[in-house]
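Swiss-Prot annotations:
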MOD_RES   Ser54  phosphoserine
MOD_RES   Ser105  phosphoserine
MOD_RES   Ser108  phosphoserine
MOD_RES   Arg127  arginine amide
MOD_RES   Ser150  phosphoserine
MOD_RES   Ser152  phosphoserine
REGION    25-59  region 'Disordered'
SIGNAL    1-20  signal peptide
Amino acid sequence: MKNIYIVAGFFVVLVQGSWQHSLQDTEEKSRSFPASQTDPLEDPDQINEDKRHSQGTFTSDYSKYLDSRRAQDFVQWLMNTKRNRNNIAKRHDEFERHAEGTFTSDVSSYLEGQAAKEFIAWLVKGRGRRDFPEEVTIVEELGRRHADGSFSDEMNTILDSLATRDFINWLIQTKITDKK
């Protein structure tokens with residue numbers, strides 16, 4: 001991207017140089033022809049003023065462009081340093097924005113992972129029936145919110161938790177038979 005801007009800058013400098021060169025050629029040609037008595041003589045100060053004005057306009061526009069480019073580069077640098085300040089290898093979905101514009105919470109992801117590990121360990125050990133208090137789970141599901149304050153789709157969340165609970169209860173209560 002920077003290479004494109006550098007090439008564009010060189011192109012602008014070349015175009016400006018060709019304009020100046022063509023202006024000088026025009027001035028030399030007009031001076032080589034004798035002026036008639038009826039034509040007013042051009043004031044050399046006026047020509048220099050026009051040339052300085054066009055150069056100043058170009059310089060002003062180019063300076064504004066460079067200032068805006070420096071500001072964009074600075075903002076990009078700030079964003080990159082914020083993302084990489086800890087130099088931690090991140091999964092692709094961490095710190096990315098959801099469709100609603102909310103950020104994934106590292107703490108909740110960690111806690112959910114720990115709960116899943118504990119649940120799998122509990123299933124592997126094959127302990128007895130685990131009771132799930134329905135009222136507490138439903139209240140927790142209704143109270144969950146995204147970071148931006150919008151409610152998640154509560155009905156789907158509740159139905160998913162009920163289906164999961166029924167499936168786990170079915171797994172626990174089903175006797176395992178070995179077919180030989």
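Keep in mind that glycine also has a Cβ here, set from the backbone N, Cα and C atoms.
Fair warning: this is a prediction, and the values are worked out from it, not measured in the lab.
Using a 10 Å radius centred on the Cβ of Ser108 (phosphoserine) and all shown protein chains, the other Cβ atoms total 11. The DSSP secondary structure for Ser108 (phosphoserine) is helix.
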